[in-house]
Each structure stands twice: as structure tokens, then as C-alpha cells.
């Protein structure tokens with residue numbers, strides 16, 4: 001099972017991907033973790049990424065795709081993986097598609113968590129209030145202002161992926177506003193269907 005998770009910050013991707021990992025025993029691949037691991041392991045793409053990051057540059061798509069390519073060759077990812085946080089742009093999606101096609105690997109689905117923006121901002125504001133009421137420091141990215149900025153960046157950069165993957169026939173939308181366990185039920189219902197198809 002090979003899937004990509006999409007959705008704005010605060011949509012519950014983290015919680016759902018943990019549950020998918022637990023249920024289906026496939027690794028969650030986060031580009032940040034993969035970059036750090038590749039740098040630590042001293043792989044050719046890791047060394048390239050390291051020199052770019054040390055000079056303060058942004059790691060180009062080709063290098064990130066190279067790191068993803070190396071990671072999905074590892075034993076634990078052979079039967080499937082969850083990509084979370086990548087691709088972020090249509091250009092990255094196209095580069096990922098080309099790399100997977102070269103390896104003869106097909107994605108099963110792109111799961112997008114659809115949420116109401118105003119409700120999301122309200123959810124974050126409530127979380128910040130509750131944290132402050134407990135006398136704990138509020139995380140900087142948990143303030144409504146910062147969250148709104150992250151949401152705007154997502155809409156500008158990543159939201160077009162929804163149209164891109166809809167065009168490939170891979171996009172599946174899940175209502176992320178339901179209670180967490182109901183969302184999990186919708187996700188597992190969808191993924192169980194893919195698994196049955198793969199084994200039949």
C-alpha cells in the first residue's frame with residue numbers, strides 16, 4: 001500500500017498517519033526525517049543535501065526525490081509507505097511520479113483530509129486558550145495569527161496538488177471535520193478496499 005496524505009495544518013494528518021502505520025505496518029516517510037537520516041548516513045544525495053543546507057540554501061526537488069527514491073528501496077518500505085509532507089508542489093509531484101514510474105512502482109491513493117478553514121482556526125485558538133489556562137506556554141505556531149499564515153502558505157503552494165491528483169484519478173477525499181475515530185474508520189475503510197484489491 002503506497003499512499004500520500006494531503007491536508008492543511010491542523011487537519012489531523014499526524015494522528016491518522018500514526019494509526020495507519022499501526023494498522024498496516026507500513027512506514028511513514030517524512031522528508032525531514034529522511035533528509036536527516038541521509039545526511040547522517042553520508043549517502044551521495046545526503047552529502048549533496050548537507051552541503052546545500054550548510055550554505056543556507058533550500059534543498060532542490062531533485063535531491064529530495066533522490067532521498068525518497070533511496071528510502072523506498074529499504075526493506076521496511078518494500079510493501080508500502082505513507083508519504084506525509086511531500087510532495088508539497090505540483091512540480092514535486094511530477095518529479096515523484098517520474099521516479100516511481102522508473103522503478104515500476106504505482107501509488108494506490110492520495111488521501112486528502114478536507115476541513116473547514118474557519119473551524120480549523122477556531123480549533124487552534126481553543127487549543128491555545130486551554131494551554132494558556134493550564135499555565136503552560138503556547139507554542140508559537142499554535143497562535144491563530146501564525147496558524148493563518150501557515151494555512152495561507154498551504155493554500156498557495158500545496159492545495160493545487162488536489163487538482164493535480166484528481167486528474168490522475170488517485171485522489172480520495174475524507175471529511176476531516178468528523179470526530180477522530182470516525183475519520184480513522186473512513187480512512188481504514190478506504191485502505192482496506194485497496195488492500196483487498198491488491199491481494200485478490
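Every residue, even glycine, has its Cβ placed from backbone N, Cα and C.
Not measured: the values here are computed from a predicted model.
Going by what Swiss-Prot states, the ATP site holds 10, 11, 12, 13, 14, 15, 178, and the candidate of 71, 78, 88, 127 recorded there is 127.
Checking the ranges 126-142, 143-159, 160-176 against Swiss-Prot, the region 'LID' annotation falls on 126-142.
Proximity of residue 11 (ATP binding site) to non-local residues of its own chain (separation of 6 or more, Cβ distance below 8 Å) is seen for 113, 115, 120, 176, given in sequence order. Checking each of the binding-site residues 31, 57, 59, 86 against residue 10 (ATP binding site) by C-alpha distance, the shortest gap belongs to 86. The binding residues for AMP are recorded as 31, 36, 57, 58, 59, 85, 86, 87, 88, 92, 139, 150; their greatest pairwise CA distance is 30 Å. Residues 10, 11, 12, 13, 14, 15, 127, 178 are the ones the record ties to ATP, and the longest Cα gap between any two of them is 17 Å. Taking the Cα of residue 88 (AMP binding site) as the reference point, the closest of the binding-site residues 12, 127, 178 is 12.
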